[in-house]
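Novice: Copying in the features that Swiss-Prot gives for the protein in this structure:
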{"type": "BINDING", "residues": "R48, R54", "note": "NADP(+) binding site"}
{"type": "BINDING", "residues": "R125, S126, S127, N238, A239, G278, K293, P294, T295, S296, S297, R319", "note": "FMN binding site"}
Amino acid sequence: MSGNSIGQNFVVTTFGESHGKALGCIIDGCPPGLELNEADMQRDLDRRRPGTSRYTTARREPDEVRVLSGIFEGKTTGTSIGLMIENTDQRSKDYSNIKDLFRPGHADYTYQQKYGLRDYRGGGRSSARETAMRVAAGAVAKKYLKQVHGIEINGYLSQLGPIKADTVDFSQIEQNAFFFPDESKLDELDEYMRKLIKSGDSIGAKVSVVATGVPVGLGEPVFDRLDAEIAHALMGINAVKGVEIGDGFGVVNQKGSEHRDLMSPEGFASNHAGGILGGISSGQPIVAHIAMKPTSSISIPGESMTAQGDVAEVVTKGRHDPCVGIRAVPIAEAMLAIVLMDHLLRHRAQNMDVNSQTPEIGMR
């Protein structure tokens, strides 16, 4: 398995499985001198960790991160940052019945065919449990981006099943268990999830993430365009089946006169492009959305097959999220932060001495 790292100048490598002893990651390329401690990472990990509300999995993991290397006297040293989170609430017996069964919609079959064996306990490496380390690494990137460059990243659940946010109030996002920005829809969300959980089914979701304060110039055309790298990072999150930048698939119904973001010395009149033009950041807010499938870990019986090729019926036991989009908000923030951090360092390496005579503009 060779796809465990992301980034070129800011490199994040994760390791570990859902029911293994621990999860871990190595961060290479973080500049020295950044004030950093475990509490900086723990805040985002607590937002992602399981067992925090009745709408998510009942698995209870403290997700307490330990710094193994790369930080001395409260500051990064410029060497590799080693992080680890121990798994403490595994119940591997919940998965003994699927040892030789393939759960439809999961990675069981493809992992078996690719590697010739698989860790069936909670999905092993394919489990979203792995994303805890992405969130920890993303918190390091977020700290640097905000402290050094004034860049802030905020994510939210913009749609759960048929329920969409009509307004986006960032002050509401951390005030409810859904990370939802529209207070008027919270009761509707609660009722919907209660019925869904009772039925034993699951539902999909849409998560949005916005980065403000991003300077002009990030992105490396042609193959490492900023939007391409963001899409790559977000698409690598478990259960993501679609990524949009700016208006995304909505551009299909737009005319050129509608979609183009008119500009003047006072700034851009709109942001249909999502803050990226020609693969390079424009200085506007970067806006991305991800579509997340409903998890296949449900208690409703489904047809499948055994590892020996026999027909079988599968009922997934264990503790699972009825909507994976809820806990994906800090994960999406982390992945966007990692990409922006990497591209800031790449841009600085090549273009630090560039001095354009054209004035920078933002949103009007």
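Keep in mind that glycine also has a Cβ here, set from the backbone N, Cα and C atoms.
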Novice: Spatially speaking, which of the binding-site residues R125, S127, T295 is closest to R48 (NADP(+) binding site)? Use C-alpha to C-alpha, please.
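Specialist: Given the candidates R125, S127, T295, the nearest one is S127.
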Novice: Long-range neighbours only, meaning 6 or more apart in sequence with Cβ under 8 Å: which ones does R54 (NADP(+) binding site) have?
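Specialist: A177, I197 - these are the non-local Cβ neighbours of R54 (NADP(+) binding site), listed in sequence order.
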Novice: Take the Cβ of S127 (FMN binding site) and count every other Cβ within 10 Å, whichever protein chain it belongs to.
Specialist: 20
Novice: Out of R48, R125, give me whichever of these binding-site residues has the highest number of other Cβ atoms within 10 Å.
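Specialist: By the 10 Å Cβ neighbour count, R48 comes out on top.
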Novice: Hey, does DSSP put R48 (NADP(+) binding site) in a helix, a strand, or just coil?
Specialist: helix
Novice: Comparing the binding-site residues T295, S297, which residue's C-beta has the most other C-beta atoms within 10 angstroms in this structure?
Specialist: T295
Novice: Tell me, by DSSP, whether R125 (FMN binding site) is helix, strand or coil?
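Specialist: SS state of R125 (FMN binding site) = helix.
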